[in-house]
Amino acid sequence: MNSRAYAEGTATLLKGISCVYFLLSFSDTTDSNNIDVLAFGYSQLVYAIAFSSIMYYRLRNQIIWPISTSLDYQTIYMVFVFTIQGIFKHLLTEGDRIILTALASGYDKGVYAMTSSYGGLVSRLVFSSLEENARLLFSRQAATLTSSQETEKQKIKKEIELVYCTILKLVLYIGFTFAFLATNYTHVLLSILTSGRGGGSKWGLPFQTEASDALSAFCIYTAFLALNGTTEAFVYGVASHGTDVGKLGISHAFVGGIFAITAPILVKRWGTIGLVTANSLGMALRSIYSITFATKYFDSVTTLKTEKGDRNEKKDKSKGGRGSGATLWRLMKQFTPHIYVTCLYIISFCITYFSQKWMMKNLHMLFDQSEHRGEQFNLN
């Protein structure tokens with residue numbers, strides 16, 4: 001973990017320095033339209049080389065080199081499953097762009113591009129690193145659970161469950177902050193970022209209104225991103241069989257089919273907001289499967305191996321004591337935000353919502369008065 005953090009930090013620093021260097025170096029010798037892309041590509045290459053070199057140097061003594069030329073078919077199967085799943089994930093990731101290209105107008109494409117650029121900052125800066133480190137942590141804890149003695153499994157399982165619920169609650173708090181609070185500040189943010197310049201009319205009010213609505217929907221989508229990222233990180237971290245990953249891939253394919261059906265309908269009805277809604281639905285369905293997987297995982301590791309334990313387990317499940325439903329309820333009580341905190345979020349949303357409506361009403365009146373005075377000035 002320390003080696004990875006050191007390698008990522010150093011490689012990221014070198015990437016930033018190299019990007020600035022390439023931008024300055026190519027500014028006089030390269031077509032200005034391709035400078036940004038070319039500099040970014042070279043800086044990404046520097047990042048990859050630096051990260052790989054540092055990881056190899058620090059962990060070279062821990063590398064277990066193959067001693068046999070024969071192929072492990074279980075490993076090949078896992079690689080095949082991960083490859084198929086990667087293809088499905090790529091199609092899911094690019095699905096919104098495919099829908100936009102096929103159905104949306106150029107204006108909607110511009111609104112969605114701006115919305116995803118600003119709205120995606122949180123997922124790129126906060127959630128991506130948190131999810132990656134959570135996956136590594138879950139993987140290490142699952143390996144410890146597998147190699148531990150029977151007397152220690154229950155204790156380790158409780159530690160994994162506590163870590164899982166704590167991280168999930170943390171990202172949900174972050175997601176709730178954007179879903180309940182940031183949604184009503186998007187117009188102010190766009191007014192600051194664009195300095196009142198947009199398209200369609202003076203000061204770009206129609207553009208800012210539609211873009212702020214889309215960005216507000218993306219803030220709600222951020223909460224679903226937070227939930228899905230952490231729950232899937234747990235699945236990837238603790239999955240020990242190819243069938244587990246295969247089932248996750250099947251669930252992704254199922255979600256992709258639902259997205260392909262619902263997205264065109266929602267885009268035609270609500271435009272950019274409809275596309276964000278379809279993405280939110282997909283993330284919610286993927287999260288449901290991942291939480292179901294976690295429920296079965298924590299329910300299965302609780303099972304005792306002795307015959308007496310099996311009888312007690314069946315008895316408890318018949319009463320609902322240790323069944324999947326009871327495990328799911330226990331997990332939800334741990335990772336869902338407290339009811340009082342949720343109520344405060346809802347109250348804050350209502351206050352900021354009516355405040356934003358009042359501000360927009362006065363802003364429209366100010367624009368109308370300014371345009372009226374401008375017309376009188378031109379007549380005079």
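Cβ atoms are placed via backbone N, Cα and C, with glycine included.
As the structure is a computational prediction, the values presented were derived from the model and not from experiment.
Feature annotations, reproduced from TrEMBL:
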TRANSMEM  6-25  transmembrane segment
TRANSMEM  37-57  transmembrane segment
TRANSMEM  162-182  transmembrane segment
TRANSMEM  214-236  transmembrane segment
TRANSMEM  248-267  transmembrane segment
TRANSMEM  338-355  transmembrane segment
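Take the transmembrane segment (162-182) and the stretches 37-57, 214-236, 338-355: counting Cβ pairs under 8 Å, 214-236 has the most. Long-range neighbours of the transmembrane segment (214-236) within the same chain, counting only residues 6 or more positions beyond its ends whose Cβ lies under 8 Å from a Cβ of the stretch, are 111-112, 114-116, 118-119, 122-123, 127-128, 130-132, 134-135, 138-139, 164, 167-168, 171-172, 174-176, 178-179, 182-184, 186, 189-190, 244-245, 248, 271-273, 276-277, 279-280, 283-284, 286-287, 290-291, 293-294.
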